[in-house]
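Now, the feature entries from Swiss-Prot:
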- Asp71: active site, proton acceptor (ACT_SITE)
- Arg13: site 'Important for substrate specificity' (SITE)
- Thr72: site 'Important for substrate specificity' (SITE)
- Gln156: site 'Important for substrate specificity' (SITE)
Amino acid sequence: MRKEIILASNSPRRIYLLGQIGIDFKVVSPNVEEEGNSERRSPVDIVKSNALKKVQKVAEEYRNAIIIGADTVVVLDGEIIGKPKDERDAIRILKRLRDRYHFVFSGVAVMETPEEKVLTSVVRSKVKMRDYSDEEIERYVATGEPMDKAGAYGIQGKGALLVEKIEGDYYNIVGLPLVRLNSLLNRFGYSLL
């Protein structure tokens, strides 16, 4: 009997991405405190740790499952850029990103219960924002779209209009690197195909 697949996430984007490939899964909110910007830890360590916390929390209740967790951060000049606190903060973040490259890191953790076997991985993509105007920033922020997103933009929505180019995995930038997730699941004997 195949184990239930559980996505440990509150993210509408991760839910959509996993749903779009047509597999059956259950969404469970992990309710964990995520680690944010830290001078002592790298973005790789932070996203891996946050993804792992999510699957471990959900594993407390689901003892016969494959549990998927993920975390994504935006990094500019070595600094983690989180979700904006308010519209003013979103404008500030988007001005900092304007006409520059930044990196997006996503950590993915997959746990099989009851064995508690865990695999983790981190994917990095590079994004170049275009030289958009202050007026474009204000119009974009007024849509409300950037308010729940690391880096204050959503590449899968209107935020795509702010991006000049990407290098790497598009789905990583959205928040769930599907190809890497599939390779982790393959090691448990599962496939997204």
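Numbering starts at 1 and runs along the chain as it is shown here.
Each Cβ is built from the backbone N, Cα and C atoms, and glycine gets one as well.
Owing to the predicted nature of the structure, the values given are computational and were not obtained by experimental measurement.
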CB contacts for Thr72 (site 'Important for substrate specificity') [other CB atoms within 10 A, all chains]: 27
C-alpha spacing of Gln156 (site 'Important for substrate specificity') relative to Arg13 (site 'Important for substrate specificity'), in angstrom: 9
Collapsed DSSP category at Gln156 (site 'Important for substrate specificity'): coil
Gln156 (site 'Important for substrate specificity') and Thr72 (site 'Important for substrate specificity'), Cα-Cα, nearest whole angstrom: 15
Helix, strand or coil at Arg13 (site 'Important for substrate specificity') [DSSP, three-state]: helix
DSSP state at Asp71 (active site, proton acceptor), helix/strand/coil: strand
Cβ atoms near Arg13 (site 'Important for substrate specificity') (within 10 Å, other residues, all chains): 20
Gln156 (site 'Important for substrate specificity'): tally of other CB atoms within 10 A of its CB: 17
